[in-house]
Amino acid sequence: MDEFDLIHSITPRTIHHSSVDVGIGDDAALYTAKHGVQEIVCVDTMVEDVHFKLHYSSPEDIGYKALAVNISDIAAMGGIPKFYLVSLAVPSKWTESEIKAMYEGMNELAKLYHMDLIGGDTVSTADKLVVTVTVIGEIEKGQACLRSLAKPNDIVFVTGEIGSSAAGLSLLLEETNPQNSSVETDYFIHRHKRPEPRVSVGRLCSIFKRAALNDVSDGLASELNEIAEASCVSIEIVESMLPIHSDLPKLHPNWKEWALFGGEDFELTGTVSNEEWEVLKQECAALHLPITKIGYVREKTKSKVILKTDQTSMILEKKGYNHFK
């Protein structure tokens, strides 16, 4: 593999943003920032056999998801994703065509959001594939949807469905063997491999006077605990309100673990005032964006998340995916 041939092959033929002054081909990229906006920068790393396995992930799948998880972080701030940079540590067994396919997976998603690839780096490694993606976005000044903005009496919501990605991973790892042949296993696998960042919902939330957001990367319980801690409030959610796919309980009797702690759904969860919830709900319905009320923000007290069932209440611990546990 020739590094310069690879750089030439992945260099975009078109640029979506006129603010890009220098893209791929120099020591660094240059772009002109807009007046009146704040820049958002996020980075995530995916490591072979930690975040994905090659026997069930194609190069395109790996590239797509590596970019998607970063776009989801931009969405959780209420922002617009604009640029991305890619750093790869590639084992020698990988071919140039496989690396190009990984970039194609990223490009497939980038085109949906009119994002420009503006740089990166590629090195060889004797061990596992490592993919690091940095995304740069923007948000109107003062409009970021911070975790610290939840207040008592807010409505708590989540987009889409929760638990589907964890179910998909369990199917891929053959930890789950559905007894019911009617279960849509391909749907759950797709949700794990190809998450859909909720940029449109984040943008809707950014127009409100106040909204707290977090993306469901490590699990709903973990993300809501982060909001509760940052805002110094308690959050109460209702089990019967949680949005799940109708087939999820058919896959495993302990499906609630997937829904609450599974993670990697990359949905958005957050809080808005009661008045703004009505607006958000209507706007999402008009755009066919799934969103569900799941609870309320309670008093400013010791930060905790409570799950209410028909008969009981329990505190949801801040657990989910943790790289160091």
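Heads up, the Cβ atoms here are built off N, Cα and C, so glycines get one too.
Here the structure is a predicted model, which means the values were calculated and not measured.
What Swiss-Prot lists as Mg(2+) 3 binding site is Asp27, Asp73, Asp215. The Mg(2+) 4 binding site annotation in Swiss-Prot covers Asp27, Asp73. For Asp44, Asp121, the entry in Swiss-Prot reads Mg(2+) 1 binding site. Swiss-Prot lists Asp44, Asp73 with the feature Mg(2+) 2 binding site, giving sequence analysis as the kind of evidence. The substrate binding site annotation in Swiss-Prot covers His51, Glu264, Tyr321. Annotation comment: Swiss-Prot describes Tyr103, Gly120, Asp121, Arg147, Ser217 as ATP binding site. Swiss-Prot lists Asp218 with the feature Mg(2+) 5 binding site.
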Specify the count of other C-beta atoms within 10 Å of the C-beta of Asp73 (Mg(2+) 3 binding site). 23
Using C-alpha atoms only, work out the spacing between Asp73 (Mg(2+) 3 binding site) and Tyr103 (ATP binding site) and round it to an integer in Å. 20
Could you tell me the maximum Cα-Cα distance in Å between the residues recorded as binding ATP, namely Tyr103, Gly120, Asp121, Arg147, Ser217, rounded to a whole number? 32
Name the residues of the same chain, 6+ apart in sequence, whose Cβ is under 8 Å from the Cβ of Asp121 (Mg(2+) 1 binding site)? Ser87, Leu88
Count the Cβ atoms, other than its own, that fall within 10 Å of the Cβ of Arg147 (ATP binding site), considering every protein chain shown. 20
Would you kindly give the Cα-Cα distance separating the residue listed as 'Mg(2+) 5 binding site' and Gly120 (ATP binding site), rounded to the nearest Å? 26
Reported as an integer number of Å, what is the Cα distance between Asp44 (Mg(2+) 1 binding site) and His51 (substrate binding site)? 11
Going by DSSP, is Ser217 (ATP binding site) part of a helix, a strand, or coil? coil
